[in-house]
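Visitor: I have a structure here, written as structure tokens, and I will follow up with some questions on it.
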């Protein structure tokens, strides 16, 4: 009966504790690594975007100085005034779509219930179109219209799916229907605009990053800062909601307030990006599930934002460079790759439901 | 919930209207349709009074009368096409709702029209097809591929219920196919502008395809009328139908094929028009109950009525130019769809 044989159980307990701590550390390390790689890839993609000078044929060694404001007229115009804003809009817009989608997915407890699937993005597009055509709005007026449109559609969809509670599949069904109507309104206005050039029409019909400028970058930066702050603020309450409304209320979460705040936030973030890029499909949908897979945590809105940024930057570059078909609107590419993901999510639910 | 068949379709035999009422209703509906058709001939950028329209139709106007020319060469083909396409879509909606046992089924919602549209665009842009008869075969192939994919995808899921997964699968496939259309057309400004109205669904300037598509439409409608009994049998449920001696699998496949044929014909003619099949089929069932022998011809009338009425209304919208009829039906059809969707899953919230 030596002291060592007397304490086998506590040894085992200590081993377990050590292993768990090691696992937790490994998981944290993994998450940190994944996020760092995402960030590096995102920044790298923005840098790649700078070099897509197309017919302007600016030599690679002139690009980087031009990006920092040391280029001649043409290089400055192409690199700093066109490509840099476009890359940044893709980065910021993708992040906003990703955050918005992940919030909605968590809120409704369904990976299919994102702003682009349930028609809120189309609603924002329709709102923007209506103020452009009706009041000749520009700049912030367009954003106001988009927000109003998104708000109206989300209230309609949410309200109509309410039957003593919102069942997520009814919400998706109704969202698809109302979204079809909002898309019809967009088409209606686009075909009626006097100067409905293809480029402009494309932005509102399927989403495109053509012709984005510094003002858009500033707007999206502000939105992202406010959005991230608000996400951090409501994150804990939202996490508790996953335990069920009653338990969350028991933990001191004001359930209706958190729910409403999350819905409003998801709607508004999607609305602001849509007012700049048009209703780009499926980035909000796929960012969340990809982030979940990569990080091996149930849900993380900010990581989804990072994934969304990478996705939109990559698809935008693909839209400009893909052989045979480029240049095409970015939204067409995201729909081409996003729709199969939607189908995969739909089919995969079999295992979980 | 996933096993319970959908309410309106499953109530076979319990909801039946009086034969006299059914016959009378058919005549009344046909009269209403005639009125809408005359309105379709009379209303437009240039309003022509109904008496002149009637005279033009009866050949009582001199051959060089401008109004008469407008009625006979512009508007008559357009209205006829609207009637034909509407009838095809209405019947397609009824057939698809019966085959899928899903009251939300519609050739547009299930992505079948998007499939036809994408295939026609592929035919035009890549293969270089330029006559409507050629469009038709592409439309048929595309519609069949889309319908099969949507059916397979929704079969692979048990998400909440079949009717919901069918709609989401349809939306996903439609999004994929429409982005394909965009990819193929966006680089060529001329092709794009000519296809833009087509990809919405429009009757403008399509009267010329009438002659080309008439045989296909008539065959498809004829086949649909003969489906009544088999659809009634299918509505009883697979086991009962099999007990009655119906070969369920082949019957369902044949009916689905006819539905795809109807949708493809309509889409090849005017482009994708959503919700006409959905609303037409429900209107027909409201009027005559659930016996498909009656619902099918009725849904042809209601579909034609809806599409023509939407086309007339689209011409009355203020602003320059007229509205594509596909936009009109989407705006009018959405509330109907939402009301039906709200009924789904009642009490399971």
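Backbone N, Cα and C define each Cβ position, glycine as well.
Curation does not apply to TrEMBL; its annotations are automatic.
TrEMBL lists these features:
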type: TRANSMEM; residues: A:29-52; note: transmembrane segment
type: TRANSMEM; residues: A:87-105; note: transmembrane segment
type: TRANSMEM; residues: A:117-136; note: transmembrane segment
type: TRANSMEM; residues: A:142-160; note: transmembrane segment
type: TRANSMEM; residues: A:172-193; note: transmembrane segment
type: TRANSMEM; residues: A:217-235; note: transmembrane segment
type: TRANSMEM; residues: A:328-347; note: transmembrane segment
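Each of these features: where is it, how hidden is it, and who are its neighbours?
Guide: Residues 42, 45-47, 49-50, 111, 113-116, 118, 209, 212, 216-217, 220-221, 223-224, 227-228, 231, 238, 262-263, 265-267, 269-270, 272-273, 276-277, 280, 283-285, 287-289, 291, 299-302, 304-313, 316, 330 of the same chain, all 6+ positions outside the transmembrane segment (A:87-105), place their C-beta atoms under 8 angstroms from a C-beta of that stretch.
Tertiary neighbourhood of the transmembrane segment (A:117-136): same-chain residues 104, 142-150, 152-154, 157, 171-172, 174-183, 185-186, 189-190, 192-193, 204, 266-267, 270-271, 274-275, 278-282, 284-285, 342, selected by CB-CB distance under 8 Å and a gap of 6+ residues from either end.
Among residues of the same chain six or more beyond the transmembrane segment (A:328-347), those with a C-beta under 8 A of the stretch's C-beta atoms are 90, 111-112, 117, 202-203, 206-210, 277-283, 285-286, 289, 311-312, 315-316, 318-319, 322.
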Visitor: Near the transmembrane segment (A:217-235), which same-chain residues lie under 8 Å Cβ to Cβ, leaving out any that are not at least 6 residues past its ends?
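Guide: Counting only partners 6 or more residues beyond its ends, the transmembrane segment (A:217-235) has Cβ contacts under 8 Å with 85, 88-89, 92-93, 95-96, 99, 103, 143, 258, 261-262, 265, 269, 272-273, 276, 301-302, 305.
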